[in-house]
Every structure is written in C-alpha cells, then in structure tokens.
Ligand SMILES: Nc1nc2c(ncn2[C@@H]2O[C@H](COP(=O)(O)OP(=O)(O)O)[C@@H](O)[C@H]2O)c(=O)[nH]1
Ligand SMILES: Nc1ncnc2c1ncn2[C@@H]1O[C@H](COP(=O)(O)OP(=O)(O)O)[C@@H](O)[C@H]1O
C-alpha cells in the first residue's frame, strides 16, 4: 500500500483532476460543434452568460476550428479580421469583440442575421425612453444612438448619455454639414436629430443600432435607409397611455392635452411600421424589441 498523501499532495491531485475534467468538458463542447449537435453561436452565448462554464474557457481559435468546414488557416484569418488575439478565450472577449464574433458566427451558421438598424417610435409617454434605457443597460452590444437636441437637460440627464445638448446655432451647423441622419421639430418646440457618424461606424463594425425617435424621424430614416426596420411601441390601452403621461408629471395640463391629440394622430400611423410591440411590462417589451434586431435566416 502506498503511504497516505500529505495535504499539499492532496491539493495537487485535486487540481490535476479538476484540470483533466475541464479539458474533457472543453473537448466535449468542441465535439458537439464538430458533429453539428450544437452551433458555435450557441456555445459562445453560453460562454457569455455562464462565465464559469467550459464554454467560457474555450479558446476562440478552438471554437472556430471546431466549426465544420472552417480550417485553422481560415480561422486565423477570421480572428485577424475580427481583431481577436490568438490566445483569447471566448469568455475573455470584450463587449465589442463579442458583438463581432456573434455577428460572424450567426452569418456563417445561417441561423440568424442581425438586422442592422432598428427604429423604435410610438406615441408620447408610451414608454419609449424607459424601454430604450432598459436596453442600454441590459444589452450593451446594441448601440443606442444618442440624439442631439436643442432642449435643456432635465435633472438627472447626462450629456452624451441621454442627449447631446446643443445650442440652436450648433444644431444649424450640424444640419448644414450633413452630420444628421434625420432631424425634426418635436412637440412643436425643440429640434432633435440623429448624429450620423456614430451610426455609420457601428454599422461598419457589424453592430446592431437602435434609434429611439419620433414618428417624423422614423419616416425620414425609412427614406434615407430603406433597410431599416421600424418598430412601433403601443400602450396596452388608451387609458393606460393617459395614466402614464399624467403619472410622469413632466408636462403642464394644456401640454398634456396637446400631446394626447398628437398621440391619436401618431397611433393612426402604426400600420406604416414593420412590427408592433405592446409595452405592458418593460423587460418583456425590451426583449421583444431586441428579438426584432435578429431575424431567422429562413424569413429573409
Ligand atoms: N426625430 C427625432 N426625434 C427624436 C430624436 N431624439 C428623440 N426624439 C423624440 O423626441 C421626443 C421628445 O423626447 P424628450 O425630450 O426626451 O421628451 P419626452 O417626450 O418626454 O420623451 C420623443 O418622442 C423622442 O422619441 C431624434 O434624434 N430625432
Ligand atoms: N411598461 C410600463 N408599465 C408602467 N409604466 C411604464 C411602463 N413603461 C413606461 N412607463 C412609465 O410611463 C411614463 C412614460 O414613459 P417614458 O419612457 O417617459 O415615455 P416616452 O419616452 O415614450 O415619452 C414614465 O413615467 C414611465 O415610468
């Protein structure tokens, strides 16, 4: 009989058993991709939602070379194109690299293709701002465009996060220099516009972009970029819309009445949109909007 192992040896034995188990688990993941039991997209998503999983410790190179028909030379070229270093593990990728890898894998595996540009519009107080804020916080790989506006910041609003607050002269300059994808005077008062350069670069990187703008803006984007997908956010009922507008308490009584008149006209335009999402519960509505940024290949 061999002598009982001393404590440091026990540690070493346990560590090497754990290492073997981890290697086996990674090999099983690679095998599942190679035999088409799982898609590489699914493996990557697991890695990003479960940081302790074997998927997360798999190297990107290993994941790519497990994809049937993707050899090591091609995998290396893809990694260089995506700007991912040779030794990176799937779980160790930053937000940008995740977005790029996800788009690449989705295109390659023909599962889903990102819809690049999604426009969210809807009547006043339906919850566009609330749903967009939820998406900004919970889906960091979707770029939420930050508009320029001539209105003053409200308490709590941060320059460059909620809006770029600009003077009338600066807004005129942005229009003259064609820096805006679209712009409109909203609620008969201030001007709002979508700065074009951040959108162009995000789209060039293969990122999904969400614009939260008013109805006039949505129509202008459709003209400028017919490939954009237009989503209309609806209240569960008219009474609930009125409750939300009054409950928010940011407008005077006459302004509320005026906005509700506009809301009626805007609701009548809902059929111009590609999709409608009812904002009953914020997280659910946000998920539905995010789902609309991906389209199954079969329906393209
Ligand atoms: N056309 C257009 N509308 C925008 C833009 N940014 C915001 N809006 C719209 O402007 C409206 C006013 O927004 P805001 O001042 O935040 O006040 P709210 O009405 O209380 O949400 C909302 O309907 C937004 O959808 C933009 O860049 N372009
Ligand atoms: N799903 C929801 N359920 C209940 N209240 C909501 C919901 N979504 C938004 N709200 C509330 O409705 C009001 C208007 O929302 P807001 O995001 O400001 O609308 P919009 O940007 O469309 O004008 C806010 O007080 C917000 O907290």
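Cβ coordinates come from backbone N, Cα and C, glycine included.
Annotation comment: TrEMBL describes 115-294 as domain 'Guanylate kinase-like'.
According to TrEMBL, the feature ATP binding site maps to 122, 123, 124, 125, 126, 127, 128, 129. In this view, residue 122 (ATP binding site) is surrounded by 28 other Cβ atoms within 10 Å of its Cβ, with every protein chain counted.
Taking the centre of the Cβ atoms of 122, 123, 124, 125, 126, 127, 128, 129 as the ATP site, the nearby residues of that chain (Cβ within 8 Å, site residues left out) are 233, 235, 241, 244, 279. Local packing around the binding-site residues 123, 127, 129 was summarised as the count of other Cβ atoms within 10 Å of each Cβ; on this measure the leading residue is 123. In the vicinity of ligand 1, defined as a Cβ distance under 6 Å, the following of the binding-site residues 123, 124, 125, 127, 129 are placed: 124, 129. Ranked by Cβ neighbours within 10 A across all protein chains shown, the binding-site residues 125, 126 are led by 126.
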